[in-house]
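Notes for the one structure printed next.
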Amino acid sequence: MSVEAISRHPIPAGFENALVKPEDYARLYAESMNDPDGFWGREGKRLDWITPYSKVKNTDFTMGKVSIKWFEDGVLNVAVNCIDRHLPTRANQTAIIFEPDDPNQPARHISYAELSDKVNRFANVLLSQGVMRGDRVVIYLPMIPEAAYAMLACARIGAIHSVVFAGFSPDALANRINDSGAKVVITCDTAPRGGRRTPLKSNTDAALLHCSDKVRCLVVKHTGDQTTWIQGRDVDVLAQMEEVAPDCPPRPMNAEDPLFILYTSGSTGKPKGVVHTSGGYLCYAAMTHELVFDYHEGDVYWCTADVGWVTGHSYIVYGPLANGATTLMFEGVPSYPDAGRFWAVCEKHKVNQFYTAPTAIRSLMGQGPEWVEKYDLSSLRVLGTVGEPINPEAWVWYDHHVGKGRCPIVDTFWQTETGGHMITSLPGAIETKPGSATLPFFGVKPVVLDPSSAEVQEGNGVEGVLCFSDSWPGQMRTIWGDHPRFMETYFQQYPGNYFTGDGCRRDADGYYWITGRVDDVINVSGHRMGTAEVESALVAHEKVAEAAVVGYPHNLKGQGIYAYVTLMNGIEPTDELRKELEAWVRTEIGPIAKPDLIQWAPGLPKTRSGKIMRRILRKIAENDFGALGDTSTLSDPAVVDELIANRQNHG
Ligand code: WTA
């Protein structure tokens, strides 16, 4: 299916009362470009401020002095904005619907009043453990309400949280605890998922062997499974919550005080701690949540992401709760107990907005439409996708079988770094094209640059790398503890612009099509993975001399992980060793980093100066040997023929 041949999908009927109407989009977008101070000065009022801001935007993208500040003299508290201010009108409204992994367990409806009580108590437990304003708290929890309580409790007392995805290994957890200098880690006993249980407490015990012995461990007894218990270090949070006072006064915070650190993979080195601050981030998360999903009072909204990723931060917790919404948290997986689970949950809770990843859609599509058709999905109004480019086939299936052609699909392009949606359609305002993220959100200024000359590609029908040439309130402010790295990573390559790392095309209508990462980051099932991280895990194995990792097209995952491994002299490549290396990477990083294919590579293509030619390895992994390009600079061109002859088949 040629993308150009795909027609526009008009806005379905029933969106006449959408929050943004077709005639509004261009007008508001122009205003956001021409008068950012006026536009954002007004939008900032979505939030309740203790001291109102007098300055709106103060940002500089100049290399060497990059500085990003929004609402800089405003004072607010994020937890108050997500909870307290809703209490007068919606104390009894459901804030969080918790749908457990096991469909036979009852769902829980947590009202704003109950959320308030839990968060206040949780905050008092943190205070009782000596956590103070500006201290870091690592949260290693699955998709349970306590994850949201913990995040909001940090926000209430001005502590900075760093959520670590519960699928990460003890080593990955330890690295994040150490890099952030956390005082406390919050975990639970075990985490049910797809009928199995992950031992999070024992993972945390293993991680803490590599951390300062001052780090306290707060444990949520979620399943009641037995765990080891270290007196003096481990704290039973739920029991403590009963003991402490029910009220915790919110700490007034500056708009630019950090709210959280979230580690994400880059093209080089270890994961970076992306720092988001309080005022701009919350304003942006709230506004995009409301407008992109066309969220109306009383709607039930469900984002299937995990709180361990940025999508869970902005679109399960902060955006929806700032808007006083009802947000669903799902503990399980799409395939348990069967491939109908997503749709069963949509029917059961009468979900109005449903937001998921293309990889989930593709895998459910493979199970056949009968799983969808069993359920009443008439409550659905808006469908969303995020995490990777969606292939038109999956888009059309989603539209037809899930949305029944009456739900607009919002394909939301954004990143951990951007805090919220950047290029996305709006349900009542923008016509869609399957596979295109469509148009920029308000205040977002995309530019397409030639990758080598850095020249701006003006007009439509152009292709290049995607940058943003001006700031927006949700933008990350720095890399934790390393502002120079922040500037080098995002502002050095294309001076004056924030560089996304993605390629993109702007078509004849001015619509944006994200073509995927142009750096050494791969996107596996919507999870970001740095090839360098997987490589360093592999070479940490005693039998591995060298490793090079690239992505290759994968039917379900979008991209798969292809590893070329050179073994130490005298080590025999065997199937056992292959399994051993797979298991090794799982323990070093986590299951999401496990290579899909390992090719034994007696030699790797290198330049005469010893640099691995990753471009060639990528082409071989992609089955694209016709386009290997210039191999004359290789120190040993024969290596390439050997690699091609022994490549791993993936159809
Ligand atoms: C990719 C996830 C195409 C992109 C919110 C980006 C997408 C990376 C889309 C960020 C989309 C995300 N279409 N590609 N709608 N959404 N991406 O930081 O490559 O986990 O740079 O944030 O995912 O991944 P991250």
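Yeah, the Cβs are placed from backbone N, Cα and C, and that goes for glycine too.
Since the structure is predicted, the reported quantities are computational estimates derived from the model, not experimental observations.
For G195 (CoA binding site), applying a Cβ distance below 8 Å and a minimum sequence separation of six or more within one chain yields D101, D102, Y336, P337. In the three-state DSSP classification, G195 (CoA binding site) falls within coil. Sequence annotations record features per position, and here TrEMBL assigns CoA binding site to R193, G194, G195, R196, T311, S525, R586.
The feature ATP binding site is assigned by TrEMBL to G387, E388, P389, D411, T412, F413, W414, Q415, T416, D502, R517, R528. Counting only residues at least six positions away in the same chain, the Cβ atoms of T311, A357, P358, T359, N523, G526, H527 sit under 8 Å from the Cβ of G387 (ATP binding site).
Taken from TrEMBL, the feature Mg(2+) binding site covers V539, H541, V544. Cβ-based neighbour count (10 Å, all protein chains) for V544 (Mg(2+) binding site) stands at 20.
When averaged over the domain 'Acetyl-coenzyme A synthetase N-terminal' (25-82), pLDDT in the model lands at 98. Annotation comment: TrEMBL describes 25-82 as domain 'Acetyl-coenzyme A synthetase N-terminal'.
Summarising the annotation, TrEMBL assigns domain 'AMP-dependent synthetase/ligase' to 88-471.
Taken from TrEMBL, the feature domain 'AMP-binding enzyme C-terminal' covers 533-611.
Within 10 Å of the C-beta of K611 (N6-acetyllysine) we count 11 further C-beta atoms, all protein chains included. What TrEMBL lists as N6-acetyllysine is K611.
In sequence order, S169, A593, K594 make up the list of same-chain residues 6 or more apart from R586 (CoA binding site) whose Cβ falls under 8 Å from its Cβ. Within the same chain, residues at least 6 positions away in sequence whose Cβ sits under 8 Å from that of R517 (ATP binding site) are G501, D502, G503, N523. Within the set of binding-site residues G194, T311, P389, R517, T311, P389, R517 have a CB atom less than 6 Å from some atom of ligand 1. Summarised by DSSP class, the composition of the domain 'Acetyl-coenzyme A synthetase N-terminal' (25-82) is 26 helix, 11 strand, 21 coil. Counting residue by residue with DSSP, the domain 'AMP-binding enzyme C-terminal' (533-611) contains 24 helix, 27 strand, 28 coil. Summarising the ATP site geometry, the residues cited as binding it (G387, E388, P389, D411, T412, F413, W414, Q415, T416, D502, R517, R528) extend over a maximum Cα to Cα distance of 18 Å.
In this structure, the binding-site residues T412, W414, T416, S525, V539 were compared by how many other Cβ atoms lie within 10 Å of their Cβ, and the smallest count belongs to V539. Neighbours of P389 (ATP binding site), defined as other CB atoms within 10 A of its CB across all chains, total 22.
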